[in-house]
Structures are given as structure tokens and as C-alpha cells.
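Just below is one structure, and these are the notes that go with it.
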Amino acid sequence: MAASPYSIFAVQLLLLASWMLSSSSSNFNQDFNIAWGGGRARILNNGELVTLSLDKASGSGFRSKNLYLFGKIDMQLKLVPGNSAGTVTTYYLSSEGSVRDEIDFEFLGNLTGEPYTLHTNVYSHGKGEREQQFRLWFDPAADFHTYSILWNSKTIVFYVDQTPVREFKNMESIGVPYLRQPMRLFSSIWNADEWATRGGLIKTDWTQAPFTTSYRNFRADNACVWAAKASSCGLAAGGNAWLSVELDAKSRGRLRWVRRNQMIYDYCVDGKRFPRGVPPECKLNLHI
């Protein structure tokens, strides 16, 4: 039986309300749920700040109430100061189900005075193994910095303080699945001392616990909320130019600078890991 005009209108109102909610000023009470960790995850300052903590018993995490299908998402993070070795702070988009799409920022802790490793990965249709790692050009525990994901039908770009550090293009034309599932935003802190710092050689020093990461200024102004099997971007008048944005010449130059000066691992040049040849997308990504 065909849906009535009234039910269609109700769905449209729901989507418009979701879009307006996501475009308003950040409020963690409004936008997120604590996912795990109990009192280790705290929403403070009337919803303006979140802290996630890790102790020997457990880590903690939160997730967005909304699902997104394409978007530009920003969050400011201040990472664990001092001896953060063995800890991992995550900030990522992920779909539901076993054949997942995922866009990962992970911050691997280190000894006091040693740099964090920014670990990135992309899963498309359940396939990952696309790790790239970087050293940041600042201390991410000294102050808040902005980490952003641009995801549209043409490309995915990882940004740090508006500087692009990684791009994953739509390469369906050569048989590489692209990310097209609705995703939530997640963040967490947890213990990974079996691998996180120097391949697991440095273990977590629990005398330094609790380890705490802070979050503020979440923005999803340019993000398509997915609800009732429809996208809010079909209702928003204008403001969706980012849906077709790609890196311009200036941004591509900044990306090349990051790759030359800050990248410490790239799966696309790991011949030992891929003795039969690197994945097909690498042939395009090497020429940026």
C-alpha cells in the first residue's frame, strides 16, 4: 500500500529536525550517548566537554546518536599527557554489521617526551589493512587540536587542524569498494600495550592511571543525517557544496608536505607485507 502524503510529510519533518539539530552548536548531551566505561566517561560543563578515562579495570567510550551518510565532521581533542605508553585513543566513523565501512583516527601513546603516533585506516565493505601512520608536528597533549573527516561520494580526506594528512579516493572504477553505508561517530580510550607502543615493547604504567582524553567543539554542520532510510541533505537548501569537494592544488601541496615530512608508515609501499603486489588503490594514491 502506498504511503500517505501525511506519513511522507512526517518523515520529512523528522529528517529536517535531525538536520537542524546536527547543525546547531555542539552539545554532547544532545549529540552523543556514553557507550561504555560507566563513570570513566563524563559529559561536563552543560554538555560542552567530554572526558574519557582509562584505568586498569576498564577504558571508556561514547558514540553519536545520529547516523551519517556523507559529511564533514570536526572534533577537538586533547590527548593523554605525560607517559601515555600502551594507551590508544580512537576517533572514528563506523557502520553497523559485520561487513563494515570505517574511517579511523587512532592515537598511539608513548613515553613522556616521545611523540604520539597518528594511526589511520580505512575499511570498505569489510576490508581494511590500509594503515598509514604519521608523527604530528605539535604536542597533541598540550592543548586541543581539531581532527576532521571529509567524506563524500568522490573522496575521503583526513585533516589535522585543517591540514590534509591523508586522502582515500573513490576507486570503484578499478574494483575497489567505496564507503557507502551510514555510519556513527565513535570515540574511546583503551589499553593496547601488546602492540601500541614500539610494537608492544613498552607496557602501560598503571601507576600513572587514570589516563584521560578530553573532547570539545564537535561540529557536523556539513553532514547528512541518515534517518528513516533517507538523507537530510535532500531537504537542506544549499550549503551542500562539500558533497562534491576534492582537494585543490594548494591543499594537495600541503598533503605532499605531510607525506614527505611526517609519514612514518604507508601500506602502499610495504612490499614485505604484500609480496604479490600492493592493493590496487595504491597505484593511484602514490601519484598525488
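Counting starts with 1 at the first residue shown.
Even glycines carry a Cβ here, placed using N, Cα and C.
Annotated in Swiss-Prot:
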type: SIGNAL; residues: 1-25; note: signal peptide
type: DOMAIN; residues: 26-215; note: domain 'GH16'
type: ACT_SITE; residues: Glu102; note: active site, nucleophile
type: SITE; residues: Asp104; note: site 'Important for catalytic activity'
type: ACT_SITE; residues: Glu106; note: active site, proton donor
type: BINDING; residues: Glu106, His119, Thr120, Asn121, Glu129, Arg130, Glu131, Glu194, Trp195, Gly199, Arg273; note: xyloglucan binding site
type: CARBOHYD; residues: Asn110; note: N-linked glycosylation site
type: DISULFID; residues: Cys224-Cys233; note: disulfide bond
type: DISULFID; residues: Cys268-Cys282; note: disulfide bond
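Features recorded in Swiss-Prot, as mapped to the structure shown.
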| residue | record | CB count, 10 Å |
| --- | --- | --- |
| Glu102 | active site, nucleophile | 18 |
| Asn110 | N-linked glycosylation site | 21 |
| Thr120 | xyloglucan binding site | 19 |
| Glu129 | xyloglucan binding site | 12 |
| Glu131 | xyloglucan binding site | 17 |
| Trp195 | xyloglucan binding site | 12 |
| Cys224 | disulfide bond | 28 |
| Cys233 | disulfide bond | 21 |
| Arg273 | xyloglucan binding site | 10 |
| Cys282 | disulfide bond | 17 |
Cβ neighbour count within 10 Å of Glu106 (active site, proton donor): 19
Nearest to Cys224 (disulfide bond) by Cα, among Glu106, Asn110, Cys268 (recorded positions)? Glu106
Pairwise over Glu106, His119, Thr120, Asn121, Glu129, Arg130, Glu131, Glu194, Trp195, Gly199, Arg273, annotated as binding xyloglucan, what's the top Cα to Cα distance to the nearest Å? 21
Give the sequence-ordered list of residues that share a chain with Asp104 (site 'Important for catalytic activity'), lie 6 or more positions from it, and have CB atoms under 8 Å from its CB. Thr90, Tyr92, His119, Thr120, Asn121, Val122, Tyr123
Alpha-carbon distance [Trp195 (xyloglucan binding site); Asn110 (N-linked glycosylation site)] in Å: 12
Cys268 (disulfide bond) and Glu131 (xyloglucan binding site), distance between Cα atoms, whole Å: 9
Tell me the Cα distance separating Trp195 (xyloglucan binding site) from the residue listed as 'active site, proton donor', rounded to the nearest angstrom. 13
Separation of alpha carbons, Cys233 (disulfide bond) and Trp195 (xyloglucan binding site) (Å): 40
Rounded to an integer, what is the Cα-Cα distance in Å between Glu129 (xyloglucan binding site) and Cys233 (disulfide bond)? 31
Cα-Cα separation of Cys233 (disulfide bond) and Glu102 (active site, nucleophile), in Å? 21
Please compute the mean pLDDT of the model over the domain 'GH16' (26-215). 97
